[in-house]
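Per TrEMBL, the features are:
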REGION    B:1-28  region 'Disordered'
TRANSMEM  B:33-56  transmembrane segment
DOMAIN    B:92-311  domain 'ABC transmembrane type-1'
TRANSMEM  B:96-118  transmembrane segment
TRANSMEM  B:130-155  transmembrane segment
TRANSMEM  B:185-209  transmembrane segment
TRANSMEM  B:244-264  transmembrane segment
TRANSMEM  B:290-312  transmembrane segment
Amino acid sequence: MAATLAPARRTPPPAHPARRPRQHRGVGRWLVLLLVGAAALVMLVPFAFMLLNAFKSPGDYSANGPLSWPTEFYTTGLRTYWEQVDFPVKLWNSIVISGSVAVLAVIVSLLSAYALGIGRVRGRLWIIGLFLLANMLPQEALVYPLYHFAKEAGLYNSRLAVIIIFTVIQAAFGTYLLASVLGTFPRTLLEAAALDGAGTWRILWRVVLPNVRPTIAVLLVFFFIWTWNEFLIPLVMLIDNQTQTVPVAIATLQGDRLMDAPTTNAGALLSLLPAILFFLIFQRTLARGITAGADK
Amino acid sequence: MAVPDSIAARRPAATSPPSPTANAKRRPSRPDAAYWLFLLPGTVLFLLVIGGPLLYTGYLSLTRWSGVGEPSFIGLENYRNLLTDEVFWTSFRNTVAMIVAMVVVPTLVGLVLAAVLFDTIGRRFRPRTAAALRAAFYLPQVLPVVVAGIVWGWILRPDGALNGLLDAVGLGALRHDWLGDPGSALPVVMAVMIWVQIGYPVVVFMAALERVNPELYEAAEIDGAGWWRRFRAITLAQIRPETFVVGLTCTIAAMKVFGPIYALTRGGPENATNVPSYFAYFTFFKRLHVGYGSAISMVLTLIIVVVAVLFIGAQNRAERQDGAL
């Protein structure tokens with residue numbers, strides 16, 4: 001849950017650091033840089049190990065160990081993993097599930113938050129608190145009934161069941177966040193629109209939505225990535241090759257102890273790439289959304 | 001949960017606190033009937049996916065059931081059994097270890113790292129250097145945590161990279177089955193969780209520091225305040241709201257941790273790394289003791305709710321004190 005994404009790089013901050021004459025004092029600052037840099041390198045070591053061994057043949061690995069440079073550029077591990085788990089199907093499942101959840105959860109959050117933040121319906125603080133608590137629940141407290149009901153309803157082992165479940169779980173958080181954002185929405189805008197004769201629907205789509213678009217963009221990205229990284233419920237609900245997601249596929253394969261070290265690393269590499277890709281694609285949206293959220 | 005939370009945390013600080021709600025309250029409230037309709041889809045879905053299943057788990061915790069046939073009602077027997085179940089107590093002791101690894105250490109180290117990156121490296125070198133270093137710390141947070149767990153599981157295997165590394169630097173005597181030995185498994189899992197978690201406070205705290213007026217630091221420096229005093233008097237004081245948010249979200253994540261345990265150890269060896277959520281999963285789906293698994297889940301849920309309420313209460317008290325100053 002706490003696995004999240006935030007802007008790694010911000011758009012250049014207001015220019016004061018650059019304009020201020022830089023102080024050059026002693027070797028202390030270099031020492032600090034050296035220490036922090038070393039710590040950052042340690043953080044990256046597991047990735048280096050993974051890359052080094054993803055392109056190594058099993059024979060090479062057992063002969064020369066995990067630290068040697070690969071004797072040849074071996075890509076069979078990648079290909080084996082790709083074919084063994086039918087990786088494109090897994091990728092597609094993850095995309096369909098995470099994409100649908102992101103869109104649906106944003107719609108549900110917006111509708112609820114509109115009633116709570118703008119409509120100020122009675123008991124809204126209790127309702128918001130309930131949503132917030134729902135977001136904190138351990139999924140274990142829901143998973144068995146969900147599994148059982150899904151079986152009864154013929155939705156077991158279907159992506160639809162996972163989509164519905166995560167739409168609600170993510171929307172619980174989205175409702176809480178959007179309701180607090182909309183709670184500070186300028187009332188004058190709403191009143192002006194109401195005077196012009198706009199109904200509640202029209203106000204939502206024409207006045208409220210355009211104003212919270214940055215927050216919604218951030219929510220879309222977060223919901224997508226959170227759902228992508230989810231594990232327990234997909235593990236329980238999706239049991240065959242045609243429905244599983246990227247993280248579940250590698251975990252079940254590893255559980256079967258079918259993979260040698262190079263294939264494990266190749267599989268991990270393939271499974272990490274989409275996440276890193278999203279991170280690179282989305283970080284600008286996120287940075288923009290966050291400033292938009294904070295500066296208002 | 002990092003960023004939206006920090007938005008939420010920052011929002012009250014950004015808008016002058018009391019005015020918007022106070023204004024709205026003074027205005028005669030509008031008929032809200034039209035708005036209930038908007039709440040309908042969310043409410044129905046919520047009852048279907050969260051409310052209903054939670055109540056059903058609560059009911060199941062009072063039954064004996066294997067998942068087929070009819071659950072048989074046994075009252076509080078599952079809870080009584082939990083009290084004498086060694087594994088249950090072990091799993092909650094391990095939760096404390098997870099809180100140390102996922103909350104205490106990352107928050108403390110994250111505070112210092114964020115301050116160093118922002119105050120020392122960001123200002124004495126280029127901000128770009130600080131941003132690149134921050135990305136390195138944050139990278140593990142981007143990955144599906146299960147996949148990170150699988151890579152670490154391989155590194156820590158007897159024939160994995162860590163033992164290879166020890167051999168290479170002449171410390172081959174320290175070779176060890178890191179995850180296979182009940183004595184070392186928990187500390188090693190904790191170390192992995194620190195690695196996973198550390199980037200989150202760093203990023204949140206650095207974002208918080210950008211809110212702080214740089215002139216505060218400069219003025220303090222001119223007055224001769226050293227790094228430590230600036231850290232305590234300015235950094236810690238200014239980013240307290242974010243510290244609460246990080247503390248709360250990480251504590252809840254630590255109490256719910258499942259994926260890394262599944263990928264690294266499956267709770268083993270000999271339950272040395274078992275945690276409540278894995279214990280519940282195992283009881284539900286491997287031992288098919290649905291009632292007992294439900295009882296574990298309900299206890300975990302209750303503890304999480306209590307912790308969350310305490311946290312939020314403490315935060316509100318702190319904010320009120322700030323307001324009074």
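Heads up, the Cβ atoms here are built off N, Cα and C, so glycines get one too.
These numbers come from a predicted model, not from an experiment.
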Candidate ranges B:33-56, B:96-118, B:244-264, B:290-312 - greatest C-beta contact count to the transmembrane segment (B:185-209) (under 8 angstroms):
B:96-118
Of the stretches B:33-56, B:244-264, B:290-312, which racks up the most C-beta pairs under 8 Å with the transmembrane segment (B:96-118)?
B:244-264
When you scan the chain for residues with a C-beta under 8 Å from the transmembrane segment (B:33-56), skipping those not six or more beyond its ends, what do you find?
301
